[in-house]
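A.B. asks: I'd like to ask some things about the structure below.
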């Protein structure tokens, strides 16, 4: 930071001032002095024609009111900024509260204890409470409306200071003996404060000031010291909180009278005086410190005795009460800022966040990008890049490739102009100063400096950038000690241990630029120059390299070399900017801006003070461009004297910018020869080509129109074209500018029919304009007129207008390239039918099927696959079937296979269902139906195989051969013989099982028993216990006890029975066979055949009897037989229920 005295106001009557306080919000300055003097002043910036802003603008007193009411010397003045109140007190103990009414200050309240004098008053952070301490130990806490909240007498204690904590929960009372006591906000004593700064101090001392920064503007660092306590002997301590055991200690080396924090707690000002060894009088000083005790600047102040100081609300000025004068000093803060590729980068603190808020403000497009950076040290910029120097985050793991910097405490982050981090470097030296060129970054501590040759990966993917970052090239980083040769040269590893600690004997600014000239601004603001190229003889006659130049300037706080001329530089001296050419100054320019850039004889400056008053909304007005004298003079010469004379002046003072100025002036006057020569001198190839093109034009008015367009006067150029009846050129100009709204206007207003393709182009361009801004409804209107179906589809999709999208798809011709995109849009929102229609329209059935599968529309998928004879229908069916089976929809899967003519797969699933139903002991009729269905599916499969084979061997051999071939192929393909060979076994089993029981219940016991005897062949389908129980029952009813006995033997021998069940069967057999002998009473050959089971005869499925006749009926479907005399009673086959006829 830099500070200098800027203004002095004398108090009438030479009345000595005792106190001063500057209202941070409204800018009022209250000063109190002897004989009851109390004044309220206000400094306001004048708005003059020059439109100067900031500190450079002249300021006058807009208010100078003397407040009457005190008789004694006014000792304490304090503001309540929230409620616009001023509280003052004099040596007689009189307290007056003043209020602002219609632009003037009036008494609002008065209080006088008449016992003691008020030593200090303090409002809390929100302005609700005031604490007043008297010399005799009395403490009063009152509210803003004048009510007393509590009072307390501290016996035997002399009070002199009071301060509130930022949360208003704690009060600090300073005693006359130098002790500080901590109380809560109800007046209860907590403890004495430990004063580390007074260790080993002898002699009398008293408290000079206590100021606790309330954190209203945020903190420069997390856990930043904010409570400053200073004693008149110059000892000071800055604490993080009232119980801080490790405060920052400062010895100011002077007698202190007053202290105060600036508006954001980043600078502590300490005012006092020093005994001068050479002079009789004391020297008034203001010392400035950071919260961590680092000394920033010293300001010497004239006068006999300084009594108080107060900061202005923005931290850019400080008011000092000295004797009967108020001195004002301007502050030029060391902002954390930089300028790269039209972007101003600046950092500020916010009360709601612990980090710095770093804003990248693109001044060209007026866009800003915000980053939050912890423990930011500095911002440095060059070209298109920026370096953020920060402290390393201890909690965050460092990058793997930074192995040599384990435990590194600082990071240099290379960013682009929108704040994207490109490459971080971890270093161990504190980067007090950082500078950068287009290839290198140099960071210096007080004893060592580090050089990093950075590389920027252009047009690389994120992965490649990562790889570049991980491969460290040898020689890209170096660290040097100021007294030693380079370290780390052997293997590329950085040796920080060699950079040993030394005392710094000097502290120069990091401002240096071109190789052969060096500019140095020292701590006191003196600018000196060294020429590093010249060789001069020293006093001994030996040649030395480099000499100090004679130029020296004081009160300098910023400077910048011109990028394109080593003899030019600009510097800031107080509120004036000087431009030097060959070390000779031009007349100064009044400004308080920070210099961004000096190029092309123009200086770009930024008013950071104004920007940081409202950092979230930077204004383009705060970027100011200054032209230097040679540019101004050349422009004036061209305007007043003419082109020929001006060209001679520019010849004598050549610069590309001046030649460009001449070329532009010559173009305006259509002096093409001079313009061409000037463009050649400033190497502007586009300008030369433009002049050549102008030379080929015949019409003067056409040339003037082209020149107007060249200088950006597009309205004028367009008007000229239209006057010449060249609407096509006016339209061409607007197309080049991308002003499609105007193009459309011109096309519609012109006479004759407009070019259709151009109209479409204009409509589409305007549609694009609205689409880019996501105004889809407006875009649709123009895309419809421009017949831009592709963008129209996108707009409908973004608007979720799926009906519009469907209509668009229907209106497109077949195989249009847009149809697949529209189909995919429908897929993304789950609209299967529309997507399928679109895919089929562009002849992509496979995508249509995939869509159906993706959206679980399997029926549709199978249907499509069948319709388009797709080969992968099998895998598709398998996927769908597995999908259905997962959901336990087995019958749906069977139906799917059946519809797709995959009868064998359907039959397999059907058998599985039937088997499961049988195990569940469901109704036998239902189980029989399921088995019949399964068998019918197998029959269909047989038929399918025969037909397929018949198609293959058509015309080659007989039908029998093809049927045989079909059966053989079946045999090869089907692995499950049970399904193909014995498809009807399950149906037969349950058919006879039901038939036997029906016959039994109807009283036909003999047929029932004969039917039951058939069931012995089906033990693999119906449980044996059921078969033999039924057989035993029928045989017993038929009095065929021999058969019954065999059935019981079989039952008793079943292993599946439990001992209890077996015992029951044995008991029942005993009961039956004790009454009836187990012999068959009536026995025929047929019975023998049935019981023996030898030489199988076909069985009648209607009666269950074996068929012995040669004439019988056979079903066409299931191939089962019925006796001739029985079939006449049936219309349908008793087993498979197919029609008899």
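From the backbone N, Cα and C atoms, a Cβ is placed for every residue, glycine too.
Marked as domain 'IFT121/TULP4 N-terminal' by TrEMBL: 1-332. The annotation repeat 'WD' is assigned in TrEMBL to 67-98. Among the features that TrEMBL reports, domain 'IFT121 second beta-propeller' is placed at 337-501, 517-627. According to TrEMBL, the domain 'IFT80/172/WDR35 TPR' annotation covers 658-750. Residues or ranges marked as domain 'IFT121-like TPR repeats' in TrEMBL: 981-1079. Summarising the annotation, TrEMBL assigns domain 'IFT121-like zinc finger' to 1098-1140.
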A.B. asks: What is the number of residues in the domain 'IFT121-like TPR repeats' (981-1079) that are helix, strand and coil, as DSSP sees it?
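C.D. replies: Result for the domain 'IFT121-like TPR repeats' (981-1079), in helix, strand, coil order: 75 helix, 1 strand, 23 coil.
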A.B. asks: On average, what pLDDT score does this prediction assign to the domain 'IFT121-like zinc finger' (1098-1140)?
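C.D. replies: Value for the domain 'IFT121-like zinc finger' (1098-1140), mean pLDDT as a whole number: 81.
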A.B. asks: Need a quick answer: max count of Cβ pairs under 8 Å to the domain 'IFT121-like zinc finger' (1098-1140), which of 517-627, 658-750, 981-1079 is it?
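C.D. replies: The listed stretch sharing the most Cβ pairs with the domain 'IFT121-like zinc finger' (1098-1140) is 981-1079.
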A.B. asks: Using DSSP, what's the helix, strand and coil tally for the domain 'IFT121-like zinc finger' (1098-1140)?
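C.D. replies: Tallied per class, the domain 'IFT121-like zinc finger' (1098-1140) gives 4 helix, 11 strand, 28 coil.
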